[in-house]
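Taken from Swiss-Prot, the feature ATP binding site covers 30-33, Lys51, 87-91, Gly415, 480-482, Asp496.
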Amino acid sequence: MAAKDVKFGNDARVKMLKGVNVLADAVKVTLGPKGRNVVLDKAFGAPTITKDGVSVAREIELEDKFENMGAQMVKEVASKANDAAGDGTTTATVLAQAIVNEGLKAVAAGMNPMDLKRGIDKAVAAVVEELKSLSKPCETSKEIEQVGTISANSDSTVGKLIAQAMEKVGKEGVITVEDGTGLEDALDVVEGMQFDRGYLSPYFINKPEAGTVELENPYILLVDKKISNIREILPVLEAVAKAGKPLLIIAEDIEGEALATLVVNTMRGIVKVAAVKAPGFGDRRKAMLQDIAILTAGTVISEEIGMELEKATIEELGQAKRVVISKDNTTIIDGVGDEVQIKARVAQIRQQIEDSTSDYDKEKLQERVAKLAGGVAVIKVGAATEVEMKEKKDRVDDALHATRAAVEEGIIAGGGVALVRAASKVADVVKGDNEEQNVGIRLALRAMEAPLRQIVTNAGEEASVVARNVKDGNGNYGYNAATEQYGDMLEMGILDPTKVTRSALQFAASIAGLMITTECMVTDLPKEEKADLGAGMGGMGGMGGMM
């Protein structure tokens with residue numbers, strides 16, 4: 001086991017604080033509408049330019065191990081805020097730095113760290129409740145656009161795109177961000193249920209100019225097994241041909257004679273058929289087939305429950321208004337499924353999301369909810385260079401998370417104003433059990449001005465003057481750093497999602513409280529490099545040349 005270096009008391013805290021400040025100072029320059037960029041060197045390729053707090057935090061490793069421990073703990077604040085709300089990482093870092101700096105001053109003055117921490121916790125709990133009461137629901141498209149704009153660093157085109165996407169696919173829909181091909185941002189909306197399986201044979205194509213298969217008012221046969229014998233599906237084919245409608249077959253696979261017969265029938269115009277593989281694998285495939293069945297009011301023909309494909313009737317087939325199949329995707333538009341059953345299925349999947357511990361599973365389940373409930377929107381980010389593309393995608397991602405958080409828990413005045421208002425409201429109400437807890441409460445409430453002050457500093461203004469003016473105001477009165485004007489923050493469209501501010505404050509206070517109560521730090525001693533004997537011997541070999 002390696003030897004350890006141990007530091008106690010003030011020595012440990014001074015080192016830790018230095019690390020906290022290095023990381024926080026690098027992150028906080030990005031805060032606000034006039035926040036600056038940070039350039040990150042990469043081992044391969046061009047440097048990354050970003051205004052995303054968590055991206056900056058993740059890059060920082062300090063040489064001194066004690067300082068690095070402080071930096072890593074603040075990095076944890078940014079990561080936690082990012083995981084919880086997807087945004088607010090810089091705000092969380094600024095708050096953590098402010099609470100740690102104020103708290104360690106009090107510890108150095110001889111206060112009891114545990115009482116300080118209890119005071120901080122009381123203040124934070126009271127402010128969180130106050131933020132919830134200040135919060136108003138985010139309902140209109142305009143408000144969603146404003147939240148997106150603020151989070152994307154005042155880029156109104158991003159705000160508009162996100163608002164349009166949410167309008168199209170609903171608040172439950174999946175919105176993804178991809179690299180665009182041009183210079184302009186674009187929004188691509190897929191309505192209905194889409195899954196990533198294309199046609200099994202190009203001979204099914206009936207729209208050659210688009211290279212797709214389009215079926216109007218088709219029947220949909222859902223089968224939970226491979227089909228290789230045409231006899232199995234003959235009864236269904238005959239019934240569908242009699243009804244004069246097209247047929248889409250979704251099965252684990254269709255091969256050999258069965259596929260060849262379907263192609264021949266389609267080419268001769270006897271019956272219009274298309275076949276695709278079922279999406280997903282294993283249990284997920286079964287679940288997705290069931291989703292399609294509920295969406296189209298059909299039944300999955302499965303041998304597991306004693307059903308036979310030869311005995312399938314036309315009543316067991318699903319139906320939809322339209323199906324479009326490309327080389328890679330199948331989209332089912334306007335399935336005739338019962339709304340009540342679809343809602344019940346969505347509720348069931350939501351319960352699975354809550355119970356799941358795997359992020360991957362949660363993401364896949366959320367996709368299923370979106371496909372049943374609304375649709376999928378893709379925001380394609382346009383940029384002139386790859387460096388700009390990365391930076392812009394980061395901002396669009398942040399804005400997307402912020403708007404989701406706003407829809408979930410509502411909105412409050414932005415620009416750090418809500419924290420200042422909440423802090424001043426609870427200042428007279430929250431009381432500790434002793435004077436040292438009261439000091440903890442006061443320092444936590446004072447630290448809540450830090451985001452406002454940092455936004456103003458980044459805009460090149462005098463922080464203490466603006467902070468005093470904002471504190472003298474009431475309600476949503478605050479300072480717009482973008483236009484350098486005072487006014488009602490909600491009317492000016494400067495909004496923050498309540499969830500983002502709340503989680504930033506809670507995570508910052510949690511880690512800061514732990515750092516204030518730190519009394520000892522332990523790290524590995526650096527290993528001494530042993531002299532390389534081989535190198536010395538190599539020099540002697542050179543003597544041979546002198547002879």
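The backbone N, Cα and C atoms fix where each Cβ goes, and this holds for glycine too.
Neighbours of Gly88 (ATP binding site), defined as other CB atoms within 10 A of its CB across all chains, total 32. Other C-beta atoms found within 10 angstroms of the C-beta of Gly32 (ATP binding site) number 27, with every protein chain shown included. Asp496 (ATP binding site) falls within a strand segment according to DSSP. Between the binding-site residues Thr30, Thr90, Thr90 has the most other Cβ atoms inside 10 Å of its own Cβ, all protein chains included. Cβ environment of Lys51 (ATP binding site): Thr30, Gly35, Arg36, Asn37, Val38, Asn153, Glu391, Asp394, Arg395 lie under 8 Å away, each six or more residues apart in the same chain. Asp496 (ATP binding site) has a Cβ environment of 31 other Cβ atoms inside 10 Å. Listed in sequence order, the residues of the same chain lying 6 or more apart from Gly415 (ATP binding site) and placing their CB within less than 8 Å of its CB are Gly32, Leu452, Ile455, Gly478, Tyr479, Asn480, Ala481, Met489, Ile494, Asp496.
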